[in-house]
Each structure stands twice: as C-alpha cells, then as structure tokens.
Amino acid sequence: MSNYPLHQACMENEFFKVQELLHSKPSLLLQKDQDGRIPLHWSVSFQAHEITSFLLSKMENVNLDDYPDDSGWTPFHIACSVGNLEVVKSLYDRPLKPDLNKITNQGVTCLHLAVGKKWFEVSQFLIENGASVRIKDKFNQIPLHRAASVGSLKLIELLCGLGKSAVNWQDKQGWTPLFHALAEGHGDAAVLLVEKYGAEYDLVDNKGAKAEDVALNEQVKKFFLNNV
C-alpha cells in the first residue's frame, strides 16, 4: 500500500496524517488503490470514525454510488456490513444519498449484508428508508434467506412484518428460508416462519426434499414437527 499513503493512513487510523496528506494533495481524496477502493472505503472498514467524518466533509458533492470497488462494494455497502448505525447514517444523510438497492458484483444489497451479520438496527434503518426486501442475489436468495440462516427471530419479524417479505421464495437449489433455518439448526426460527408468516413446509427443493429432510439433526427435526 506504499503507493497509496492516504489509504494506508485510513487503515491505521492516523488522523493527522490524513489531514496532512489531503492538504498537500487534495486529489488523493478519490484516488483508487489496487482493489478499486477510495480512502473512504478503508476508513469505514477499519472503523476510523474521525477520519470518516473528515473525508465526508470533503465529499459533499460526491455520489458514493459512483465509487464501487472491484467487487462492486461502495463505502455504503461496507458500512452496512460493519454495522455501526451512526456511520451508516452519516453516509446516508447527505445531499447525494446512496442507492439503498445498489447491488455488488454478487447481486448483494446493503440489506443482505446487514441481515447476514445480524445488524438489526442497520437493517431496520434501511427498510424504513425504502430498501427492498425482494432483491435476489446471484444465488437467487432474498434477505430473508440470510435471516433464517443466522436464526435471527428479530430480523425474520422485521423482514416479514415491516418489510412484508415474500416467505416462500425458492433460491437456486429450491430452498425457501425455511429450509435454511432447519439446515442451520434454528428450529425456533423455522417454527416462527410457519406459524406466524405462513411458510409452506410441504414445498420440495430441486432434489425433491422437503424442509424437514434437510434439518441439521433429528433433534431439530423433531422440535420443528412437534411445534407446527
């Protein structure tokens, strides 16, 4: 990273170095490194909050959507994955707001990322501001698949309640969120999907298996069948 001193300073949380570098060479603000990232990507990633605020103060007329890295991640994607709500808000509450539904190269939205990391407050903020719960990634999965996989009851309720998510959407292997909940051993999440949100447990995947057939173990399977 020696060719990218500002990026390095952001990673190492060297605030005065960042100020000094930008004062001497303002064009470094939007310089891309070998990963296609601008300095803001790294300050957000390394949670260098003071530096992030400083960089944003210099970027009032910059649309963050115009700066995806080589994987299609903008600084806002990173913020939602890291999960600090105040940082997410600081990147969103600007004259040029980021597109909440912008996807990465893998078809992943900020909501997919926040849900997958169990960041409830960030996920709620995104949905309240209009993020779609129905965008499918390259595996044909919507955010609810991820909520079910990590077994978060709160996120399932958020996505199905406030978000009005589809419940029986099948991914590329024919798995609905219910399959993922059972496969990861989250019997309580599976029961919630069926009992409160009407998930169909008789659907079969591409191999002809039902959700109960892919349960992590017999204990999870029995718990599920005894409660639906």
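Glycine is treated like the rest: Cβ placed from N, Cα and C.
If one looks beyond the repeat 'ANK 1' (1-30) by at least 6 residues along the same chain, the residues whose Cβ comes under 8 Å of a Cβ in the stretch are 37-40, 42-43, 45-46, 48, 50-51, 54-55, 58-59, 62, 67. The repeat 'ANK 1' feature in Swiss-Prot is assigned to 1-30.
Sequence annotations record features per position, and here Swiss-Prot assigns repeat 'ANK 2' to 35-64. Within the model, the repeat 'ANK 2' (35-64) carries an average pLDDT of 98.
Here the repeat 'ANK 3' (71-100) has Cβ contacts under 8 Å with residues 35-36, 38, 40-41, 44-45, 47, 49, 52-53, 56, 60-65, 106, 108-111, 113-114, 117, 119, 121-122, 125-126, 129-132 of the same chain, all six or more residues outside its ends. Annotated repeat 'ANK 3' per Swiss-Prot: 71-100, in sequence order.
Using a Cβ-Cβ cut-off under 8 Å and counting only residues 6 or more beyond its ends in the same chain, the repeat 'ANK 4' (106-135) has close neighbours at 71-72, 76-77, 80-81, 83, 85, 88-89, 92, 100, 141-144, 146-147, 149-150, 152, 154-155, 158-159, 162-166. The repeat 'ANK 4' annotation in Swiss-Prot covers 106-135.
If you look up Swiss-Prot, you'll see 139-168 marked as repeat 'ANK 5'. With a threshold of 8 Å between CB atoms, the same-chain residues lying at least 6 positions outside the repeat 'ANK 5' (139-168) that come near it are 109, 111-112, 115-116, 118, 120, 123-124, 127-128, 133, 175-178, 180-181, 183-186, 188-190, 192-193, 196-200, 203.
With a cut-off of 8 Å between Cβ atoms, the residues of this chain six or more beyond the repeat 'ANK 6' (173-203) that come close are 142, 144-145, 147-153, 156-157, 160, 167, 210-212, 214-217, 220-221, 223-224, 227-228. As annotated by Swiss-Prot, repeat 'ANK 6' applies to 173-203.
Sequence-distant contacts of the repeat 'ANK 2' (35-64), counting only residues of its own chain at least 6 positions beyond either end whose CB sits under 8 Å from a CB of the stretch, comprise 6-7, 9-13, 15, 18-19, 22, 26, 28-29, 70-71, 73-76, 78-79, 82, 84, 86-87, 90-91, 94-96, 98.
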